[in-house]
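Single-structure report; data block below.
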């Protein structure tokens, strides 16, 4: 497999109007991806969705121009969640799906995620092939004047996704009597998420639903959940739901304002699906970041926890290869392959709401599935330095080895570079919270010194 340099763990990402997030590079990515995925004799189609970032107005037409120039028709969806783009790629029998988003990042960033005709994210090999096409020139792949593609907008895409998500909620159940705070992060779900919950009968308190192009994820959404938690308590709500900018991840909070992460959601859904006889694969797929408490809980339930590298695409790849139908990340990506091909925050929230309705107990009881071990994650910014070189630094290596020795088999230590930002992430967990904090602090200090 050729080495990827443009694509990270979740597509291409960077600062808007700076390489690689320029109109020129977006056009060339469209040409290369269109050439790669343009298979068969039928009329070729690509669907393009986006979140609410200002730079989407620049990248959307650039990508469309690239696809049109290699003979592909373009269907423009406008602001719509990432899982909706994956769903519509399959529904419209498109050759390719594109989501313009930088997910949970601030508005200054943007990115490009690519989906194949089956609705799954492209493989590492396919992304490497696209990079090779970019490097080797695209002149020979342009369509002739009469073979250019066309572009049109799909007017009812929001309604299609709303009905699709609602179809995953058990028939006969309604959300009447539940008061739900939904934080859409001023992002891609600002129209569809409140609509789904309202149509299922809930009383909704929407926040983060007034995007202006620059406020996506700003002090709101799944990474900044304080406002949601405070609003739940103030409004006397039964549950809070916070999505990120492209709505492929979710975190919740109970009626007391306590935050509930993806590990608890995996535990709840996995246990319930096991009892219902619908869980496949004998367990759940998660990443190396998931809490050891989740692993112990699943073991007590007679279920396995399969771990993958960080990134929902790797979770999905393992699920497909080994026959699992539930996986996700602590950050709130929850993948349920019975319903979809990628993480879907809104769909995951409905699984939890279904449990609330069925059990008729407060969220604080239903969502307290297991007790997590003390876990601490810190990010060290290393802009301008190669994270791999820093991690290979002898002083850093000694600090990591010393940390592992101090945990002495009673916990886990994980140090890795981010696939989407110039960060090194340091995570430790164990029974002794004070020791965990010391280990993380010492390693971060050495990394900061090495990156100066």
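Each Cβ is built from the backbone N, Cα and C atoms, and glycine gets one as well.
For 103, the entry in Swiss-Prot reads active site, phosphoserine intermediate, with the evidence type sequence analysis. Just so you know, the Cβ of residue 103 (active site, phosphoserine intermediate) picks up 31 other Cβ atoms within 10 Å once every protein chain is counted.
Residues or ranges marked as Mg(2+) binding site by Swiss-Prot on the basis of sequence analysis: 103, 244, 246, 248. Cβ environment of residue 244 (Mg(2+) binding site): 103, 104, 185, 187, 217, 221, 222, 223, 250, 332, 345 lie under 8 Å away, each six or more residues apart in the same chain. Residue 244 (Mg(2+) binding site) falls within neither a helix nor a strand when secondary structure is assigned with DSSP, and so counts as coil.
Residues or ranges marked as phosphoserine by Swiss-Prot: 103.
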Please list, in sequence order, every residue of the chain apart from 103, 244, 246, 248 whose Cβ lies within 8 Å of the Cβ centroid of the Mg(2+) site. 51, 81, 82, 101, 104, 187, 188, 243, 245, 247, 249, 343, 345
Are there any residues at least 6 positions away along the chain from residue 246 (Mg(2+) binding site) with a Cβ closer than 8 Å to its Cβ? List them or say none. 51, 81, 82, 99, 101, 103, 187, 188
In three-state DSSP terms, residue 103 (active site, phosphoserine intermediate) is classed as coil
List the same-chain residues at least 6 positions away in sequence whose Cβ sits under 8 Å from the Cβ of residue 248 (Mg(2+) binding site), in sequence order, or say none. 81, 82, 83, 103, 312, 333, 342, 343, 344, 345
